[in-house]
Amino acid sequence: MGATFLLAAGGTGGHLFPAEALAGELSRRGHVVELATDHRVADYGGDFPARAVHIVPSATFGDRSPLGMLKSAVKLTRGYFAARALVKRLKPNAVIGFGGYPTVPPLSAALSLRVPTMVHEANAVMGRANRFLAGKVTAVATGFSETGLMGTAGPKAVHTGNPVRQRVLDARTPYQAPVPGGVFRLVVFGGSQGARVFSDLVPPAVALMAPDLRRRLEVVQQARPEDAERVAAAYAALGVTPSIAAFFGDLPARLAAAHLVVCRSGASTVAELGVLGRPSILVPLPHALDNDQKTNGQRLEAAGGALLAEQAGLTPERLAALLTDLMQAPDRLALMADAAAATGRADAVTRLANLAERVAAGSHSVISRTTTP
């Protein structure tokens, strides 16, 4: 008979995508999966493979005023007692967190009830919620081999890599460099929550490119609903016919078809670019906590699979120059694709599921500093 796993994740794609990948793998192995998250899951476009989704009260400490801190503390306390009741009812064999403040109540409840626990840190820099929990849980799975761990968390670390969704694995195809003078497929997206900066930057950058290059472009761009009409109009005025949407359910297939991707550098995005082997221009979220997106992007850039362009210095002129250089260098794009692919961990979900099963079984050999859990 299979085990029961309660996964806990913040309600954005960066947390939910790796949780979705693990849930699918555990379900295929005959286990039961439940998900604890927050209300933002309603905005998530995926079909999460869990028996049930449970909304647990949670809050951040973004408002540092005394009243704001008090409200957050009260909400997290409510979340803790709700999560404790949930854990007692479900009786999971293990509770696994994927970061974000919504993971704190379920993991804290599991720890108080002595249920085996694990956290997965997708970023190259450990997030605050996971940092709070890492010293207390049974194991810490890391997406990057160099994730900085402190104190008692370090010896618990197992490098599994970042799991990607099955639809990403299914979309893998060898990279085909653009043919000189032929169609050039550009994919632009801002992560699960969109990014207005790309709506503001990319069309003006395309306008500055030489007409012969502009005519080659096929653009797939994610835009917020309130920006979609103006972005489409800007491309139409340039003679470019784009595909614009707030969310692409088939984004993995569109990424696989791309010659170049312009995007944020969240951990899930970097992992998917690696598994798919696609070259990219990465624009880290400038106000990300702990600057994690910049660090993620630097890892892929150092491997040769991406160019990192910080938002503060990225003008339409600068972006136009980057796009022009890369469109005219298909051999360079092919090398970048190969370098990105070398960072990909298509087996990450298998490794993470193996570790989860050992945690649930209470194995005394859960922790290994090797990369083969």
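Glycine residues also receive a Cβ, built from the backbone N, Cα and C atoms like all the rest.
Keep in mind that this is a model prediction, so the values were computed, not measured.
What TrEMBL annotates here:
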type: BINDING; residues: Thr12, Gly13, Gly14, Asn123, Arg165, Ser192, Gln293; note: UDP-N-acetyl-alpha-D-glucosamine binding site
type: DOMAIN; residues: 5-141; note: domain 'Glycosyltransferase family 28 N-terminal'
type: DOMAIN; residues: 186-351; note: domain 'Glycosyl transferase family 28 C-terminal'
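Here the features listed in TrEMBL are placed on the structure.
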{"residue": "Thr12", "record": "UDP-N-acetyl-alpha-D-glucosamine binding site", "DSSP class": "coil"}
{"residue": "Asn123", "record": "UDP-N-acetyl-alpha-D-glucosamine binding site", "DSSP class": "coil"}
{"residue": "Arg165", "record": "UDP-N-acetyl-alpha-D-glucosamine binding site", "DSSP class": "coil"}
{"residue": "Gln293", "record": "UDP-N-acetyl-alpha-D-glucosamine binding site", "DSSP class": "helix"}
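For Gln293 (UDP-N-acetyl-alpha-D-glucosamine binding site), applying a Cβ distance below 8 Å and a minimum sequence separation of six or more within one chain yields Asn123, Arg264, Ser265, Gly266, Pro284, Leu285.
In this structure, Thr12 is the one among the binding-site residues Thr12, Asn123 with the smallest number of other Cβ atoms inside 10 Å of its Cβ. In terms of DSSP secondary structure, the domain 'Glycosyltransferase family 28 N-terminal' (5-141) contains 65 helix, 27 strand, 45 coil.
A simple way to gauge crowding: the CB of Gly14 (UDP-N-acetyl-alpha-D-glucosamine binding site) has 25 other CB atoms within 10 angstroms, across all the protein chains here.
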